[in-house]
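Down below is the structure, laid out as structure tokens.
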Amino acid sequence: MQGACISESQPWYLHFVCFIGFLFLLRVLFIPLLKWFTTRFLLTPKRLKRYGSWAMVTGATEGIGRAFAHELAKHGLNLILVSRNLSKLESVSDDFQQEFPHIKIKIIPFDFSSEGGYGAIEEGIKGLEVGILINNVGITYPRAMFFHEVDQLTWTKILRVNLEATTWVTRSLIGPMLHRRRGAIVNISSGAAVVVPSHPLYAIYAATKAYVDALSRSLHVEYKQFGIDVQCQVPLYVSTRMVSEVAAIDKPSLFVPSPEVYAKAAVAQIGIGSRCSPFWAHSLQWFLVGLVPDNLVDTWRLSIGLRRRSLS
């Protein structure tokens with residue numbers, strides 16, 4: 001008994017429509033699921049120390065950055081911690097040194113939102129074999145705002161921290177990595193720029209994170225041949241102070257991991273592909289959002305932004 005789509009009595013254009021439908025399902029369902037299964041269960045996490053003995057983490061005193069640094073220390077990597085608050089840096093360094101007495105830790109106090117140059121970072125990493133860079137530092141709006149409501153100081157700081165800092169730090173470390181022909185660079189983007197088609201009332205933030213995504217994916221293609229793995233990681237909500245302030249999410253849940261849970265998944269994905277959403281529930285959300293028409297997602301995101309604006 002023949003199915004409707006392959007019956008010889010059916011007009012040719014029905015066969016064509018069935019074929020197009022098959023290609024659509026292949027593209028939308030099968031290939032993403034196969035890629036997800038392969039990266040989660042078949043590919044072995046890379047041995048991180050092969051990239052080099054030091055790892056540098058920006059925005060390292062709290063949230064995802066601190067958790068990243070802690071996870072890298074578990075792998076025996078020496079740490080360069082960069083953040084603007086010296087006292088917090090010293091506190092984190094002391095905590096890590098007690099827990100991991102066998103590693104070396106260097107702290108660099110630096111405010112990425114300032115107008116000054118990056119000489120302090122250049123001096124701080126001089127002579128060190130930095131094999132892994134985690135470009136984690138990032139800021140967003142203090143509250144949901146229309147584009148015309150964002151003051152110049154706010155959007156200037158967002159551009160400096162999210163865009164300029166990522167570019168500069170990547171540029172400063174990729175040269176030595178190229179000389180050694182090994183290294184890993186992880187740039188943290190956001191679901192606001194990659195997973196959803198728009199992020200109303202946070203437009204500048206989303207635009208900077210879209211830049212991070214495009215930069216990372218292009219650099220992945222450029223430098224893979226030289227042994228440098230450049231990767232864009234795309235988190236959705238993680239239970240951090242910034243997310244608490246923006247989205248009023250103050251504790252972990254099934255779809256909102258703690259920084260520690262997220263970082264464990266994120267470190268395991270270093271060097272595997274040009275772009276990923278490391279936490280399993282985030283990647284599931286990404287897949288499901290991709291099945292919804294963009295205009296519906298846009299309407300949903302706008303309603304969320306307007307509600308947050310009314311409450312601020």
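Placed from the backbone N, Cα and C atoms, the Cβ positions cover glycine too.
Copied over from Swiss-Prot:
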- 14-34: transmembrane segment (TRANSMEM)
- 52-81: NADP(+) binding site (BINDING)
- Ser190: substrate binding site (BINDING)
- Tyr205: active site, proton acceptor (ACT_SITE)
In terms of DSSP three-state secondary structure, what is the assignment for Gly76 (NADP(+) binding site)? coil
All-chain count of other Cβ atoms within 10 Å of Gly76 (NADP(+) binding site): 12
Cα-to-Cα gap, Phe68 (NADP(+) binding site) vs the residue listed as 'substrate binding site', nearest whole Å: 16
Taking only C-alpha atoms and a 10 A limit, tell me which of Gly52, Ala60, Leu72, Ile80, Ser190 are near the residue listed as 'active site, proton acceptor'. These are the binding-site residues. Ser190
In DSSP terms, helix, strand or coil for Met56 (NADP(+) binding site)? strand
So how many other Cβ atoms are close to Gly52 (NADP(+) binding site), meaning within 10 Å of its Cβ? 22
With Cβ-Cβ distance below 8 Å and at least 6 positions apart along the chain, what are the contacts of Ser190 (substrate binding site)? List them in sequence order. Gly138, Tyr205, Ala206, Lys209, Val234, Pro235
Tyr205 (active site, proton acceptor) -> DSSP, reduced to three states, gives helix
Surrounding CB atoms that lie within 10 Å of the CB of Tyr205 (active site, proton acceptor), all protein chains: 22
Pick the one among the binding-site residues Ile64, Ile80 whose Cβ has the fewest other Cβ atoms within 10 Å in this structure. Ile80
